[in-house]
Amino acid sequence: MKTILLLLCLSLIVVDGETDLALVARRDGTPHGWTEAATPSPSEHIRWTIHLKQNNLEQLEKLFWAVSDPDNKKYGHYLTVKQLQDLVTPSPSSFEMVEAWLDRHGISYVRNMDSIEVSSSVEMASNVLDAEFRIHKHVNGMEVIRSNQMSLPPHLHSVIDIITGITDLFSIKPNVFVRESEDEDGDGDDDEDQEVIDPTVVTPHLLRHWYGIPNDLAGNNSLNSQGLFAFNDYYSAGALQKFTENFSLPEPIVYASGKNCFPYCNEAESDLDVQYMSAMGRGVPIFFSSLEPGQWMLTAAENVLKGERLPYVVSISYGYSELSQCLPASGECQALGYDSKKYVDRTNVAFQKLGVLGVSVLVADGAVSGNCPADSKRFCPTGNCRVNQTVCPAVTVTRVNLTSPCHLPMGLRTASCDAIYNYTSMNPFNDAAKHFVEKNAKCDVIFDVRYTVLPSFFASNCSCKDIETTTHGEWTFKGYEFKRSNGDIFGPVFPADSPYVTSVGATQFVWNNDNTTVVDEIVASIATGSKITSGGGFSRSLKRPKYQRDSVENWVKFAAGSTAPPAWSFDRLNRGYPDIVYNGHNLLTFVSEYRTDNCSCETQAQDGSSASAPALAGMFSLVNDELLNYNQSTLGFLNPLLYKMAKESPDSFRDITMGDNKCTSFYCCRWGFSATRGWDPVSGLGSPNFLPMRDYVRKLRRIN
């Protein structure tokens, strides 16, 4: 991965006319997936946020652990928003220094708990930050206005933590795979609906039955609510209505905030989230928050704190790879232009703030692989390949002036492979690939260069070492040879690997021979028929929390030796994830045909841990509802409770002991994590049994 120099050098001085400016952020070029386009109009308005340095963060974290620990006398004694504000809000002088600077330039702003939201023209921002703005376009169609650098007056450095919305460029992906049904007229009506086409389709009724949630159980407490985030995505109200009518569910209440971005944004993720959170958390209102283009997790988490009403459970279906965007351990980041560790730390503080207010945060897990030996025994498990076997399963491609190699097919969709392919130069790349194939005709080499048409793959009848290395133009091709120096095997995903959230993995159901009854539950994997593989593993930089120490050590002692990848490939002293799993395969969902709020609608079967997280979040909302009805505090941060529950009430979980996450979304690696007895870094503690889980909470809270 190309190293980006993060310059925080106060010695670089630029004259502002009123005061000197010192460089605080610079991004060398654009991250993968983004391209610079035209210069925006000077009068165009942009929004950016100044995050001030917060107070009492050590005290905040101590309080977070105390109110979340069932064995602590402060358990469940959450703060009010006012108490939280008094604890962490920067000093009045910090706000006044920044606001005086903005006032001098006539810039509008709004003060929040510990940040200042700014609205200005491009011209104003250029002047005060010494920034040169360009329109940046992402491959998914999203456009944002950003600069490659920004500067600040030196006297503000001591009070400002980071500024977002100026240099940062995020590549945000939900972990969901969509398969359209065969609903020919596209109206979503049950003219032989998806259940007839595929008897193993998963419905809200099936989920409730399998996890033991009474079918008539619904929330009724007026104080209860749950929340969802959406990035470049929105839900269709018409599709939601069709979903509820199809399954005879009560009409959910959804409070939407943010811009309805139809028809210019995606839909499938938000439809899935809203439909299954409402189906599992029946009767509990949903706060749906649509983030502006370019905004990411820190903004989303802080928006919850600004809402008029606090959702007590929040589900997040998105994440980014530490490998492809940010490396919190080193502070290097291609996407931000400033120290990425600050961004991750600040986001984790936001999760702590939600925790001390009694909010549960659930995040869909995920993982990416790159430098991992492909498994020739599980070659092209999704099918539709031109050949069914290979001797050498992978090829390494390098490009002039790029330091990170691309290992295909395992590295598909990683940042290094995006850079190697470079969407703007596909024809020269294709020529280089054809040259490689021609030079290796004796090996019957097949190399599919259609990067956006999956599965893309490589196959050969020769061993990797016998494949001839070729160079054509900027690209060099050679048979894959595993080297630790070529990059990490696994890429953990943030915020799923944060110790301050509940990480949720995906399972799939196993049916009997005639597909009429679910008989078991295993880890979701493309090797076993799922369209995605559940994530899991260990963070590269975030340390293991106390609540999972015993579980991880038991896994290391009794299971890791026979099922884990090489010991040097992960750090067991770091945060292990996921914490819990839920079905994430073949969920029947309704979507509008034309990305609108209205139908006609069609049915889709969707896969992903981003299907698991909102459904599970809805289940926990039902527990919260009962607690509120008994005038009890909500569940809050779940993990200390879940790990204690697994020890004291093992029937609260269904232990998942079959499956692994050795495959990516398209291919399989020789290494990965396997499901075992007890906690493991692919199925966590297992999937929930609702009634024993609820009974345990009742006993803990002394509810008769």
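A Cβ is built for glycine as well, from the same backbone N, Cα and C atoms used for every other residue.
Whatever TrEMBL says is automated annotation, not expert-curated.
According to TrEMBL, the protein carries these features:
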- GLU269: active site, charge relay system (ACT_SITE)
- ASP273: active site, charge relay system (ACT_SITE)
- SER610: active site, charge relay system (ACT_SITE)
- ASP655, ILE656, GLY678, ASP680: Ca(2+) binding site (BINDING)
- 201-700: domain 'Peptidase S53' (DOMAIN)
- 1-17: signal peptide (SIGNAL)
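Sequence features, as recorded in TrEMBL, placed on the structure.
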{"residue": "GLU269", "record": "active site, charge relay system", "Cβ neighbours (10 Å)": "29"}
{"residue": "ASP273", "record": "active site, charge relay system", "Cβ neighbours (10 Å)": "31"}
{"residue": "SER610", "record": "active site, charge relay system", "Cβ neighbours (10 Å)": "30"}
{"residue": "ASP655", "record": "Ca(2+) binding site", "Cβ neighbours (10 Å)": "17"}
{"residue": "ILE656", "record": "Ca(2+) binding site", "Cβ neighbours (10 Å)": "25"}
{"residue": "GLY678", "record": "Ca(2+) binding site", "Cβ neighbours (10 Å)": "20"}
{"residue": "ASP680", "record": "Ca(2+) binding site", "Cβ neighbours (10 Å)": "29"}
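The DSSP secondary structure for ASP273 (active site, charge relay system) is helix. Excluding the listed site residues ASP655, ILE656, GLY678, ASP680, the same chain places THR657, ALA675, THR676, ARG677, TRP679, SER683, GLY684, LEU685, GLY686 with Cβ atoms within 8 Å of the centre of the Ca(2+) site Cβ atoms. The Cα atom of GLY678 (Ca(2+) binding site) lies nearest to that of SER610, taking the active-site residues GLU269, ASP273, SER610 as the candidates. Distance between Cα atoms for ASP655 (Ca(2+) binding site) and SER610 (active site, charge relay system): 21 Å, as a whole number.
The recorded positions listed here (GLU269, ASP273, ILE656, ASP680) include GLU269, ASP273 as those with a Cα within 10 A of the Cα of SER610 (active site, charge relay system).
Rounded to the nearest whole angstrom, the C-alpha distance between ASP273 (active site, charge relay system) and ILE656 (Ca(2+) binding site) is 24.
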